[in-house]
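Encoded as structure tokens, here's the structure I'll be asking about.
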Amino acid sequence: MDPDAFTASLFKWDPRTVLSTAPSPRPQLLDYAVTPTTAPMTYHPARLPRELGGLEELFQAYGIRYYTAAKIAELGFTVSTLVDMKDDELDDMMNSLSQIFRWDLLVGERYGIKAAIRAERRRLDEEEIKRRGLLSGDTTNALDALSQEGLSEEPVVQREKEAMGSGGGSTWEVAVVEERRKRQQIRRRRMKMKGNDHGENEEGEEEEEDNISGGGVGGGERQREHPFIVTEPAEVARGKKNGLDYLFHLYEQCREFLIQVQAIAKERGEKCPTKVTNQVFRYAKKAGASYINKPKMRHYVHCYALHCLDEEVSNELRRGFKERGENVGAWRQACYKPLVAIAARQGWDIDAIFNAHPRLSIWYGPTKLRQLCHAERNGAAASSSVSFGTTHLPF
């Protein structure tokens, strides 16, 4: 064999082998290039709920692209965060998305994000209303059971214990429902009393609402912090609380508001109120005097009455309590005794005393003051001494 021929055969170029072997690396390169693009497409559905935190369900029906939701999730936003955000905060979030990721948001996506969040808020609100409706229905049945005569309250207490044990926290719901039920009863009484005289109706409403505001869930007088401190006449109070001169000035403001309400009623041809009623308090609130409210003014009206009927006794009482450092609650209770003494000298008719005074005629006499006068009159009638009713009540 020729050695040159053997050597030449080793280096002979065969175009068929070149054509058959050359294209083989290209599919590998194509597979390598195509594989990364197809693999995430098959992997995304399994990772959607875990990666986006529910954003895909929130934005799915509003034309939001998947990658837009993914970018929002990368910024750390969740469904709960977006629902609690305001509109301007959502605008800042979308602007940050465009600036940080250079991601162009479509106009429809901007509106779609806000629309999806509003829809989610409505859905959550509806679920909360339904949940509260179920709780209030259960607690209303429990309260109705207590309202029946002859029934024990042990089943109701047992239900409350079971609800507390299950983590329902229905004790607060019970208190809210009971307060709501009381107010509904008051409204029904008002509807029945519409045929009565306007003044008597208004007075009954005030007494009932005083009982509601003064009683807690379990009944009894609610202990509230007094917003005033005992001050001497013309003394300026220091600190967060106001003095008694400011308290008496509030009653003068109520008189001015009553005059304005009467003028408006005359212009409209309506019935003019002759006393400070709910209509006056509502007008004061609309006028910006929200610090004037009925519970406060009814609570200290007898103190203002003593100030108007006998200013010297009122000032002396204020000085004495200021020197002893007593609070305004004790001063308020002490104001009853001089008023009972004044009523004893004028036939025990506290309403006539109020109506005869120009500054007190617009106020209803306190129920407690009437009760004290009635009790003192009975004691005076049972006593053999004519002056017993006044001598045992020195200031």
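Every residue, even glycine, has its Cβ placed from backbone N, Cα and C.
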Can you identify, from 84-88, 224-228, 269-273, the stretch that Swiss-Prot calls DNA-binding region?
224-228
I'd like the per-state residue tally for the DNA-binding region (364-367) from DSSP, helix first, then strand, then coil.
1 helix, 0 strand, 3 coil
Judged by the number of other CB atoms within 10 angstroms, which among LYS271, ARG282, GLY329 is the least packed of the recorded sites?
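Taking LYS271, ARG282, GLY329 as the recorded sites, the minimal 10 Å Cβ count falls on LYS271.
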Measure from the Cβ of ASN278 (site 'Interaction with DNA') and count the other Cβ atoms within 10 Å, all protein chains considered.
13
Taking the Cα atoms as reference points, how far is GLY329 (site 'Interaction with DNA') from ASN278 (site 'Interaction with DNA') in Å?
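The separation of the Cα atoms works out to 25 Å.
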